[in-house]
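Trainee: This structure is in structure tokens; I'll ask about it shortly.
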Ligand SMILES: NC(=O)c1ccc[n+]([C@@H]2O[C@H](COP(=O)([O-])OP(=O)(O)OC[C@H]3O[C@@H](n4cnc5c(N)ncnc54)[C@H](OP(=O)(O)O)[C@@H]3O)[C@@H](O)[C@H]2O)c1
């Protein structure tokens, strides 16, 4: 199969698969708010560097860092380990996000850079804590920087609940059109997440069995081995449900279960995704414990090292009841998925870092093999490993090479790196490229947010209104969460996979 450039294979070189993307012609300028911070250093600038090395970025572009920290251009440049030719295009200016006057100065700096680089298209990247999204957007607007040719990128979390998400949206929509707004959920930029779509919609044989006639249940796990690390301030105000479920988890669920869009263009794909999210059955608040389990990590041992409890971490309240683990069961009320349970779990300080989706098929109805009851035959399972070792596996039964007819489960694995021989690009490379190209397909739409908050808001309200009843269950660090999470699935005669 030839790609859009007519290539039969992805070129294998230093820049990996990015090398085959044509150079962008349209010049652009990117203003990064909060450019003194972690995301800029760890993700945004390395992604820009890879796009630059792959000769994808246009001849004319600039990057302007904007934050409260006092520093000059040279100090700003010295923070990054990138191509010198890229750094030449970097400069820095101080802004106070709350102060409209500093945005007037920002406009002068931006106008000057736009003239120097011959740029009309501006990208504003809000790489700051969510509390300052609103003042930045309002001040951009007051300074007249929200022109027709500008775009704005915002990072999760998009609000704290339905009300604050709506307020943020109102401010955004007053200043920018929907086609100018790029709400990043970086999971959608991952190759393996996008591959779920190719697997489902470029193959006939799987789509035919992708429904309640064949699928017994689906499990999604987003596990982290690490604890809260240096993000206690953020996490104490957020918790795991908002941090992982409102965005990454629901987006993965939607890609696994959505109907085929008529084409992979922005609106048709995004509309099917939202339609699916709308079909998720609301959680019964009166009986919430039987649907959602909250957990928080206690002390434990990870890789032979004794680690502190969440409440003992620096910056965390001694009696914090913030959840670091959530397991839930949900149903999708539509023709395709009616009756199929979805078990989702995510947490910190679990035994390892892994994100996987397991589509578990029904057991065979009757075993013809003596002494092997069908209940002992593990069902077929298709597993998408999204990180860290990106892969797709199919588990099926084979005959053991011995006298008799003894089945054994084995796994047929496709590993991205083994087959393509290239390092997969970081999600931010793909997403920044799409922002520069103005393609919103892989970004969340306003109604994505609305629907996901409508689903989770009643849960958060119930937790807040009765903290004693919903006190998180403590689980030892280095385990797969509290025993209540096991009961959630075992009550239904199933069990969690051990990824
Ligand atoms: N880091 C990640 O891996 C990651 C991943 C996904 C999403 N995100 C999201 O991306 C955004 C940026 O993340 P980050 O990790 O880069 O954040 P960060 O390092 O905590 O903050 C970025 C910059 O924002 C400014 N800032 C910090 N606290 C502030 C406050 N209370 N009020 C006003 N300004 C403040 C600081 O710059 P000045 O003091 O110089 O103004 C800081 O350098 C956040 O919304 C985060 O949730 C981050």
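Here the Cβ of each residue, glycine as well, is placed from N, Cα and C on the backbone.
Just so you know, TrEMBL annotations are computer predictions that nobody has curated.
The following feature annotations were taken from TrEMBL:
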ACT_SITE  248  active site, proton acceptor
BINDING   34, 35, 36, 37, 38, 39, 40, 41, 68, 156  NADP(+) binding site
BINDING   186, 190, 224, 243, 348, 353  substrate binding site
DOMAIN    31-195  domain 'Glucose-6-phosphate dehydrogenase NAD-binding'
DOMAIN    197-497  domain 'Glucose-6-phosphate dehydrogenase C-terminal'
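For each feature listed, report its degree of burial, its nearest neighbours and the pertinent distances within the displayed model.
Mentor: DSSP gives residue 248 (active site, proton acceptor) a helix state.
Every protein chain shown contributes to the tally, and the Cβ of residue 68 (NADP(+) binding site) ends up with 16 other Cβ atoms within 10 Å. Secondary structure from DSSP puts residue 68 (NADP(+) binding site) in coil.
Following the DSSP three-state reduction, the secondary structure of residue 186 (substrate binding site) is helix.
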Trainee: For the domain 'Glucose-6-phosphate dehydrogenase NAD-binding' (31-195), what is the mean per-residue pLDDT, to the nearest integer?
Mentor: 95
Trainee: For the NADP(+) site as recorded (34, 35, 36, 37, 38, 39, 40, 41, 68, 156), determine the largest distance between any two Cα atoms, in Å, rounded to the nearest integer.
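Mentor: About 21 Å separates the two most distant Cα atoms.
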Trainee: Using a 6 Å cut-off on Cβ distance, which of the binding-site residues 34, 36, 348 come close to any atom of ligand 1?
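Mentor: Going through 34, 36, 348 in sequence order, those close to ligand 1 turn out to be 34, 36.
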Trainee: As a test of the contact definition, list every same-chain residue at least 6 positions from residue 190 (substrate binding site) whose Cβ is closer than 8 Å to its Cβ.
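Mentor: For residue 190 (substrate binding site), the qualifying residues are 386, 387, 390, 424, 427.
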Trainee: If you measure residue 224 (substrate binding site) to residue 36 (NADP(+) binding site) at Cα, how many Å is it?
Mentor: 26
Trainee: Where residue 68 (NADP(+) binding site) and residue 186 (substrate binding site) are concerned, what is their Cα separation in Å, rounded?
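Mentor: So the alpha carbons of residue 68 (NADP(+) binding site) and residue 186 (substrate binding site) sit roughly 26 Å from each other.
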